[in-house]
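As given in TrEMBL:
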- 25-49: transmembrane segment (TRANSMEM)
- Ser159: active site, charge relay system (ACT_SITE)
- Asp285: active site, charge relay system (ACT_SITE)
- His314: active site, charge relay system (ACT_SITE)
Amino acid sequence: MQRLAMDLRMLSRELSLYLEHQVRVGFFGSGVGLSLILGFSVAYAFYYLSSIAKKPQLVTGGESFNRFLQDHCPVVTETYYPTVWCWESRGQTLLRPFITSKPPVQYRKCVVFNNRGVAGENLLTPRTYCCANTEDLETVIHHVHSLYPSAPFLAAGVSMGGMLLLNYLGKIGPKTPLKAAATFSVGWNTFACSESLEKPLNWLLFNYYLTTCLQSSVNKHRHMFVKQIDMDHVMKAKSIREFDKRFTSVMFGYRTIDDYYTDASPNRRLKSVGIPVLCLNSVDDVFSPSHAIPVETAKQNPNVALVLTSYGGHIGFLEGIWPRQSTYMDRVFKQFVQAMVEHGHELSSM
């Protein structure tokens, strides 16, 4: 016992001297702090490279489209390195608008389709837009094609725009004048999207804010809707589902919100798409849950390719240490469009 007490006293004295030395020389000057930082950095790098940075999953319904993408759009098979300090879904989704730059772009033969009630202050008809109704989009596509019938004609849709584009392609099949299309961060199943966004944290970060944006956009044209819609009830909605139930589904004549959400879900029409379509989604996207992505349906259509990343959020896809310039989504879009314009003819001969 005496020997144990002596050892403890000696250990305590040495520890006291060590701590006093640490205070005098500083945490980092002792080398311990630097060792801890280096150790943490190595551990984090190992975790990042083994669990975060991964090649996307490429799902195609035919060998020809798969080979075409590997030859001319290699970005879909390369390892995606999400921003090392911001790879979580919600972080990517929230930060992308503030981090990425918006350089001036010189467009050539580019058309931006604005839905009714979105651009400008004037709404000329008592009608807005929804994911299921493709009449306006069809009109724009056929009008542009009539002006430039010999030009290579492609379309791209992001988020809700992608849902609208896929629903159009699923309805019209191969009769579209479009040569190819690309979609990004599409919500494949509207029921699953709504359920995910109604989870407490997602409702707080996204759902409530987007609901207020929708309310603001229709309230500007309130006088156009009061005869057919209870606008006071619409303005009390606390979620996108409530807004759609009180406004969107009524506006477009659906009997129930479930009828509208069924018709608005692109997964139902994917099998009927008749042109090459590349669809980029992140499996951690809270707007489009991974279990709702129609992987098996995509395997049955030779015109469809799903590119699924492990991280990226909703329209995030940030990459690099400081993701100021282009994102992974930008690179996929650029390579795919270039591939279709320059080598699209190879698909018909494969």
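Numbers run from 1 along the shown chain.
Backbone N, Cα and C atoms are what each Cβ position is placed from, and that goes for glycine too.
Given the structure is predicted, the values throughout are model-derived calculations rather than measurements.
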At a 10 Å cut-off from the C-beta of His314 (active site, charge relay system), count the other C-beta atoms across all protein chains.
24
Which has the fewest other Cβ atoms within 10 Å: Ser159, Asp285, the active-site residues listed?
Ser159
Work out how many Å separate Asp285 (active site, charge relay system) and Ser159 (active site, charge relay system) at their Cα atoms, rounded off.
11
